[in-house]
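Here's what TrEMBL has on this protein:
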type: COMPBIAS; residues: 836-845; note: compositional bias 'Basic residues'
type: DOMAIN; residues: 186-248; note: domain 'Transient receptor ion channel'
type: REGION; residues: 830-865; note: region 'Disordered'
type: REPEAT; residues: 70-102; note: repeat 'ANK'
type: REPEAT; residues: 151-183; note: repeat 'ANK'
type: TRANSMEM; residues: 333-352; note: transmembrane segment
type: TRANSMEM; residues: 373-391; note: transmembrane segment
type: TRANSMEM; residues: 477-497; note: transmembrane segment
type: TRANSMEM; residues: 584-602; note: transmembrane segment
type: TRANSMEM; residues: 650-670; note: transmembrane segment
């Protein structure tokens, strides 16, 4: 307590001494204050209600808007001290500007009762009505500089930023709202005028508006669907962060706060039925549509990774993934391996049964997400096996037994006569040559079927979700490039086979005279028959096809990374590798800049010495393992080239230092940083990647993998033709809407009872803000009531946390106020004593505060603010 008194004494001394450092206008106002105003302000500061009432009664014309040495009005001092009686007395006599400032101060200092008192006062309500009549809603064009708050800050905006639920609810029930700013690129007249008036104020105005809109309190109390509002607002803020570059960090922080708010709401989900209601909400879905996970898809599209990786969401997704196969969700490895082996062996029969009878009850297992994933995995690995077989088959493709002489003797005889007539210099194919294949092998035929199935599957996905959304995923882009390359390969291969068949048909039945008369056409036909690659043109279609096929094979094997997130060990490793690849790409940019700089400089340096063979290698020697003696000038240029030699050696040394010591160490540091960063959120990243994989198979669509999807497509096409033939005539009445399932009706009644049971635990009335329509469907009512109870739980926990230290803070604040009043009286008595007495030994300057006392004073000042 002694430390607190000494610290407060020091604080009062500093407060008095700061008057000489105030601006000149404050000094003038201090000098112009009357003694009654000084006494009035001091009485208000120390909450002396009796003295204030006496001064107001004795001085009817007392200026209650006078300011003290620190620019504070009496109303602001009363608000700071949370004296409701003084605030009520001063509200009747203060100006409208001071009332507005006091309301903002009370909200800013979290004095909820004082803020409600001001906001409910008649003078403040009259001020609001006047501002609405004048059309001054946001106060953007005001030029006041004396206020401690921005002119565009409204009580609702400030209360929302402070997450003061009581004040936000009070103002929302009154009809107030926060207007959403126009788009950043908006070119309307209002936006142009505001930009001309003050660009910085316009940027701050937009930022303050979004701070209020992104508040948990404002969204919880004003939105009928907080999840949807938070999703949309977070997406808008992330887009705005890329446009408003100067406030990029602030907008990203707001978006991250909304992500945390979504997670906090999910924490309040206690039952499986509530979770299904939240995740399955879809504005365009039918009332009875269940397990569509529309809200989860929205979170995935907007990259809300914390929401997707939430334990409740993951539990629900995994439950759907193993639906019907719960035995695979066990920890016993042998049991899982046995079940997977059995499914692999049974899957071909299961696929055929589903193809024949898709609606049969016993084939329903083929529609399960995990079974579809297993089928696609088997199909993909079988495709990789075909690629491996194709590579081994191409090594033995050329056969000396399949030649022109052995297969087509008549054409071979005419060819020999044709070759003798023109000479071997013109006809360079030799006496006999192997023939190109004119029919695909079994492996090539199977690969072609797989490519066709993959192409149909890719087109179906593009039609279902749209091209923009489909190509937003990197793996889909990789698939599309892979299919383009494979399609090009087999188009070239089959086109070459067609040309070979056409050449055979053209050469059959022609004698030497006809072959000679055909001219270059005969040579071209013989070219398409020849399998000898030494006689081929470098740009032969088969050469191009084989090059593209090699690149496509690499892409096919890298496609295995798409399946890795399903594994708990390999999935996180892939996340780390992906981030390191980004670092490597950034490193390549710096490496190319350094390489180009040194190559250009060395080329310019040795351009004079490129006439001799040795000199042409000097510029390249610095970038290879060769000896640096290659940088030396030849003998005839020894004297004149000494400077070039020394400069080249220096450049080569700097190059090796920059590349080896600097850039490679930079790459190591970047990769280490990325790895450490990944460790913090690797679990969230992996769960998000796994959910992306799971949702592709959970979504309704094609059941059978490639290439069985071709048969499935053919079956559906035939079924569509049959349905078109059996279509009922126009004017037939539609079937009545089915009632909601019994489970949903029971869920609605249970949720309603829960809301009524918990309504007494919080002072907030949600019924006034959200009212369900009697004509709404049962599904909509279930969702609205579920959201209402989740918000109710969330606000109840927030209020309970805020009330933990409220009583202790009030006691400490009252103690500080009393202590300050005693200190002021003591200091005044010391100052009014004679000068000689003050210089006596009885007057001692305060001793230095100890460390513990300094911490106590700091805590007291912090509690005041």
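A Cβ is built for glycine as well, from the same backbone N, Cα and C atoms used for every other residue.
Curation plays no part in TrEMBL annotations; they are all automatic predictions.
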Six or more residues out from either end of the transmembrane segment (333-352), which same-chain residues have a Cβ under 8 Å from its Cβ atoms?
325, 327, 363, 365-366, 371, 374-375, 378, 704-705, 708
Counts by DSSP class (helix H/G/I, strand E/B, coil) across the repeat 'ANK' (70-102):
22 helix, 1 strand, 10 coil
Short question: which residues 6 or more past the ends of the transmembrane segment (373-391) have a Cβ under 8 Å from it?
340, 343-344, 347, 351, 366, 443-444, 446-447, 450, 553, 556-557, 559, 563, 566, 693, 697, 704-708
Model confidence over the domain 'Transient receptor ion channel' (186-248), as mean pLDDT, sits at 91
